[in-house]
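Data block below; observations after.
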C-alpha cells in the first residue's frame, strides 16, 4: 500500500503526462485517411505550439488564432461552435491555410481575425495556389517568410525541409497533390520544430544542367556541350573536322537538337527537384542560395560557384518575359464570376440608356453633342486600352514580379513600352488634328450647309452612329399611326423615288442591327471574362473600355431602331436582348478556365476587335459629321479622346499601386 502523498504524486504525474501527450497527431495522415478529428484540447495545443514557433518584429507574437476561429473555418454555417465541437479531418486543409497565413504575416493575420475576414482570406489563399506555377512561387515565398519569422533554428538538424520534400510527402500520402495537402505537411513540420529552406540548394543548378543535357551521366559529351552552348547563344562553329567530308553523321545539328532540348524545358521531369524549374530568382535570391553577403559582393571564387545558377536561369526560361500575374492580383473563381457579372451588368444597362433619348427629345441638339462626346471618349478608351494595356500584356511587356523579386528592371521595361506606345497614340492624334483643322478651315460644300445643324457628309458606314438629331425626336403621331407615317414625318426625304427603294432595307435594319450587336456583345463578354481571369486590374481596364464604347453604340442602335419605325417598347426589348449575349460570352470565358496562354490569345483577339470598332466604326462617325458649331464639336472630340487616353495611361502606369 503506497502512502497517500505518493499516490497523489503519481496521479498528478499521470495528468501532466496526459496533457503533454495531448499534442496533435500527424495531420497529413489524418487528412489522407479521411477519418478522425481534432478535439479542442488538441487544437489548443497545436495553436500554442504554432505561436511559439513564430517571432514577430517587436517580440513574441500574440495568440490571436483561437480554437473558436479554427472551428468556425471548419463549420462556416455555425460561427459559434458548441464546446464539444471537434475539427473534422476534411477541414484540416482550412486549418493549414490559416496557419500558413499566420506564419507568412502574423500581424496582418491578427488584424484580419479581429475584422472577421479570416475565412474569406483562407478561401482566397487556397484559390491562388491552384495552378502548379502559382503553388511553387507562393510556397517558396512562404518558406522564406517562415525562415525570417522563425523564433529559433534547430542546430542539430543537417538539412532543412524544402518544397520538394513537402511535395513528396503530400504525394506519398496516397492522395492527389494539391496546395492544401502541401500546407498540411508544412504545418506538421512546423509543429515538430523543423527548419525550412525556401530556395533551392546550390547543387540543384548543376543537377538541372546535367539533367537536361547529359544523356550519359555523369559527364556531358562534346556533342551535348555544343547543343548547350548553342542554346545559350555562345560559342562558334568548329571547322576542325570539316576536312573529313565522308563522315557527315558525326556533324552536329545544333538547331535540331536545341529545338528538342527546348521542348524538354517545359515538360515534367522525374526528379523531385524539378519543382524549382519555373522559379525566377533575383540577384538577391542567388546570393542567398550561396550564402554570399550583399555588402561584400561576389568574389572571383564565388563567381565560379554561382555561374551554374545563371546558366540554369537562362536554360529554364523561368525569367523569360511572359506575362505573370502577382498572386495578390488574381481572383478566386467566385470573385471572377461576381465581378465579371457586375461589370457585364453595367455594360448591359447601356441598352436602357436609350430612354434618355426620349427624355431629351426636345433638346435633340444637346443629345447630339453628348453622343459626339461619347463617341470620341469611346475611341480614346478603345485605342488606349488596346495600345497601352492589352498589347503590352499580350506581348509580355507588362509583367509583375513576385514578392521578394527585384521589380526595378520590370518596371523599366514595362514603363518604356508604355511611353513608346503612347507615342503611337501621339502620331494618331497629330494626324487627327491635321484632318480636323483642314475640315474646319477649308470652305464647306453648299450641300452640307443645306443638310441642317448636323449632317454626315454622305458617309454610310456605321448608320447607327451617324444619325442626325432629327432622328432622335419622338413621333408626334398617336400610337394608331402607321410606322410608315412615322418615318415619313420624321424623314420627309424618304418620299422621293430614290429613298423609296431604301424602305425594304429600313425594314431589315432592326434585325441586322440586333444580330450584329448580339455578336459584338458576345465578343465583348469573352474579352471581359478573359480579362477578369487574368487579374482584377486587367478586368477593370477592359470593362472600362467596353463600357465607354458600348454607351454611344447602344444609344446609336436605339436611335436607329426608332428611325426604322419600331415602337419604343420593341426597340428597347431588342436592344436589351442583344446586350444580354455579353453574359453568354462572359460565362463561356470563365467556364472554360483558360490558362495564361489562352488568356493572351483571347486578349489579342479583343485588341483587334477594339481597334477595328474604334478606327473603322466610330472614328469615321466622328470625322464625317458636319455641324453649325464646328469649333464646339472639335473641342468635344478632343475632350473625349484625351480623356479616354489619360484614364488608360494612368491605369497602365499606376495599376500596381492600386490596392483594396
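Positions of Cβ are set from backbone N, Cα and C atoms, glycine also.
Residue 520 (Zn(2+) 1 binding site): 22 other CB atoms within 10 A of its CB, across all protein chains. According to Swiss-Prot, the feature Zn(2+) 1 binding site maps to 520, 524, 549, 553.
If you take the C-beta of residue 521 (Zn(2+) 2 binding site) and look for same-chain residues 6 or more apart in sequence within under 8 angstroms, you find 347, 348, 550, 578, 579, 580, 581, 582, 585. Residues or ranges marked as Zn(2+) 2 binding site in Swiss-Prot (evidence: similarity to another entry): 521, 524, 550.
Counting every protein chain shown, the number of other Cβ atoms lying within 10 Å of the Cβ of residue 61 (disulfide bond) is 23. For 56-61 (among others), the entry in Swiss-Prot reads disulfide bond, with the evidence type similarity to another entry.
What Swiss-Prot lists as disulfide bond is 64-110 (among others), and the listing cites similarity to another entry. Secondary structure from DSSP puts residue 110 (disulfide bond) in a helix.
Under a cutoff of 8 A between CB atoms, and with a sequence separation of 6+ in the same chain, the neighbours of residue 160 (disulfide bond) are 194, 195, 196, 197. The disulfide bond annotation in Swiss-Prot covers 160-195 (among others) and is backed by similarity to another entry.
Secondary structure at residue 319 (disulfide bond), as computed by DSSP, is coil. What Swiss-Prot lists as disulfide bond is 280-319 (among others).
Residues annotated as N-linked glycosylation site in Swiss-Prot, with sequence analysis given as evidence: 192 (among others). Residue density at residue 192 (N-linked glycosylation site): 13 other Cβ atoms are found within 10 A of its Cβ, drawing on all protein chains shown.
Among the features that Swiss-Prot reports, N-linked glycosylation site is placed at 219 (among others), with the record citing sequence analysis.
Residues or ranges marked as N-linked glycosylation site in Swiss-Prot (evidence: similarity to another entry): 272 (among others).
The N-linked glycosylation site annotation in Swiss-Prot covers 657 (among others), and the record cites sequence analysis as its basis.
Positions annotated as region 'Disordered' by Swiss-Prot: 233-273.
If you look up Swiss-Prot, you'll see 1-22 marked as signal peptide.
Here Swiss-Prot flags 524 as site 'Essential role in Zn(2+) sensing'. Classification of residue 524 (Zn(2+) 1 binding site) by DSSP places it within a helix.
The topological domain 'Extracellular' annotation in Swiss-Prot covers 23-337 (among others), and the record cites sequence analysis as its basis.
The topological domain 'Cytoplasmic' feature in Swiss-Prot is assigned to 359-376 (among others); the stated evidence is sequence analysis.
The annotation topological domain 'Extracellular' is assigned in Swiss-Prot to 398-420 (among others) on the grounds of sequence analysis.
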Selected stretch (most C-beta pairs under 8 A with the transmembrane segment (631-651)) from 421-441, 512-531, 572-592, 600-620: 421-441
Stretch-level contact, the transmembrane segment (600-620) and the transmembrane segment (421-441), CB cutoff 8 A, at least 3 pairs: no
Cα-nearest neighbour of residue 280 (disulfide bond) within the listed recorded positions, 56, 61, 64, 192, 524: 56
Local confidence of the topological domain 'Extracellular' (532-539) - pLDDT mean: 80
Cβ-based contact of the transmembrane segment (421-441) with the transmembrane segment (512-531), 3 or more pairs under 8 Å: no
Three-state secondary structure, which DSSP defines for residue 56 (disulfide bond): strand
